């Protein structure tokens with residue numbers, strides 16, 4: 001029993017580590033970012049409430065009969081609203097002391113007097129409290145998984161005119177109380193549809209698992225439910241690239257987990273070394289980390305030097321002396337990224353094979369040398385694309401056969417470094433120019449980005465702005481309602497007795 005307990009204690013740290021997969025990418029939204037979302041969200045809520053459909057109201061009281069129809073919201077005033085984080089997984093949206101202006105058609109019969117027309121009404125002291133629960137769905141996408149709502153109207157009054165104005169004002173209690181009840185009952189269903197259907201369709205625009213180019217893809221699935229404090233919302237993404245030829249490939253994450261402590265900007269995005277390592281590993285697995293230069297693509301000065309260096313070997317190959325040169329640079333192992341407070345670097349090991357390519361004959365290898373290079377990496381954000389600009393920092397070549405041959409290759413060190421800087425690096429940077437998209441909804445972009453390096457990860461602090469309104473994006477991806485869903489959402493004509501309200 002004691003031995004079993006000791007074994008359990010020894011295994012416990014590894015079990016805890018296994019259950020917590022570190023993210024390759026982490027996003028933090030601060031209270032400042034939430035304030036921006038509130039402004040756009042309030043406009044969206046106003047638009048949704050303006051589309052409220054209220055059932056017709058009809059009834060009678062003694063000799064007084066009425067029918068209220070074609071109820072339409074004409075104006076909303078929501079001066080007091082707030083959107084807050086609520087631990088552990090919720091957002092709370094409050095609207096206090098709002099007012100809703102209505103216009104509806106009246107049909108009134110009192111004894112032998114019949115009257116039709118319009119009535120302007122106002123609902124004041126409108127209170128709405130909604131709580132949205134955020135969670136990770138089965139696909140690893142952020143969703144609003146549940147919503148609770150409470151709505152009430154403190155008072156409502158209607159303005160009447162015409163010859164029967166005094167009668168209407170006397171009997172308006174039945175109409176106004178019934179209308180207040182019906183209106184308050186429609187607020188929460190409208191907001192529930194807006195949240196669970198429309199806003200979730202907006203979250204569907206966040207990339208989860210998509211292709212970066214013809215060679216690799218990126219997995220931005222959430223590892224766990226969001227973590228919400230009173231001031232921040234943190235999202236842990238897998239942040240792993242994969243080769244398209246082997247999409248089920250998993251690269252184990254042993255990198256330092258990003259830690260975001262800042263709260264000054266609207267949003268922070270952190271990337272660990274694993275994020276960049278998985279990209280380079282995927283390109284390596286896809287077999288595209290090879291560059292070939294042949295014939296006129298080889299710089300003339302370098303060609304002359306190479307022919308002089310390997311003159312003896314080339315001379316023995318007569319009549320292939322004048323055959324074009326071929327340089328093949330092939331990465332021999334997945335490059336590795338190192339992030340330090342002083343900067344970001346990439347270590348690359350490669351082989352450089354130099355050959356003659358006689359017409360209609362197999363290439364003749366002149367030399368095969370190993371290369372060790374260290375590249376400096378400038379990481380920056382442009383729009384929603386994370387981009388990397390690489391520059392050659394250190395370079396070394398040596399022979400794979402002997403130290404003596406390595407000494408003979410010393411004269412090639414400078415010209416080959418120039419070849420890398422002027423010819424190879426522009427090709428690599430052109431391939432990385434497109435960058436990779438950050439997981440944000442469509443219509444939301446970064447501004448005023450600042451990149452900060454840490455030990456094992458880097459962070460991008462930025463502000464947010466909406467390039468498109470929520471309504472514009474939602475209408476673009478609005479789900480098409482089915483016939484059943486459409487018919488069930490239509491208001492049914494209900495006969496109400498206002499005296500019971």
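Cβ atoms are placed via backbone N, Cα and C, with glycine included.
Summarising the annotation, TrEMBL assigns signal peptide to 1-18. What TrEMBL lists as domain 'Lipid-binding serum glycoprotein N-terminal' is 28-246. Summarising the annotation, TrEMBL assigns disulfide bond to 149-188. Under the heading domain 'Lipid-binding serum glycoprotein C-terminal', TrEMBL lists 261-462.
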Original post:
Name the residues of the same chain, 6+ apart in sequence, whose Cβ is under 8 Å from the Cβ of residue 149 (disulfide bond)?
Top reply: 128, 129, 130, 131, 187, 188, 191, 192
Original post:
When the pLDDT values for the domain 'Lipid-binding serum glycoprotein N-terminal' (28-246) are averaged, what is the result?
Top reply: 85
Subject >> Count of other CB atoms lying within 10 Å of the CB belonging to residue 188 (disulfide bond) >> reply: 17
